[in-house]
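Quick notes on the structure that follows.
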Amino acid sequence: MSRSRINGNFIDKTFSIVANILLRIIPTTSGEKEAFTYYRDGMSAQSEGNYAEALQNYYEAMRLEIDPYDRSYILYNIGLIHTSNGEHTKALEYYFRALERNPFLPQAFNNMAVICHYRGEQAIRQGDSEIAEAWFDQAAEYWKQAIALTPGNYIEAHNWLKITRRFE
């Protein structure tokens, strides 16, 4: 049984109904429909915290999906799971791969910045201010890109850039 059929969440059910209607009326190939079904089931599993199941669905969606734009969102969601699991190196890899296919994902830039900022904080706790500054500088670059794509968003990041004199 498709995961979306067993999910009890109202929003997920609504999304599934709308997605199923769209799949019927929009001309798509069977492969595209199957890829979307895996993607939808991956999102459902991810929203419930079932990351292993979500990853399986996303990997299947990646195998079937050919559109670079759609692939970027699959890769982004895989990055989110790795971030949630504390696998920051893997997460950064998937965010990079998502941005290669779709450079207009401010949320990927933001998440990369958050990881870099976190690593900077870790370096400070370990007494390595030089490494910390390098991580903070990288975080600043990613936040600048996120802010450039969506002015008015990421207010806390914008304030951090101003306070740390990294905003030009």
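Cβ coordinates come from backbone N, Cα and C, glycine included.
The average pLDDT computed over the repeat 'TPR 1' (35-68) stands at 95. What Swiss-Prot records for 35-68 is repeat 'TPR 1'.
Look at Swiss-Prot and you will find 72-105 tagged as repeat 'TPR 2'. Taking Cβ pairs closer than 8 Å, the repeat 'TPR 2' (72-105) reaches residues 39, 42-43, 46, 51, 54-55, 58-59, 61-62, 65, 111-112, 115, 118-119, 149 in its own chain, all 6 or more past its ends.
Residues annotated as repeat 'TPR 3' in Swiss-Prot: 120-153. Under 8 Å from some Cβ of the repeat 'TPR 3' (120-153) lie the Cβ atoms of residues 104-107, 109-110, 112-114, 160-161, 164, 166-167, all in the same chain and six or more residues away from its ends.
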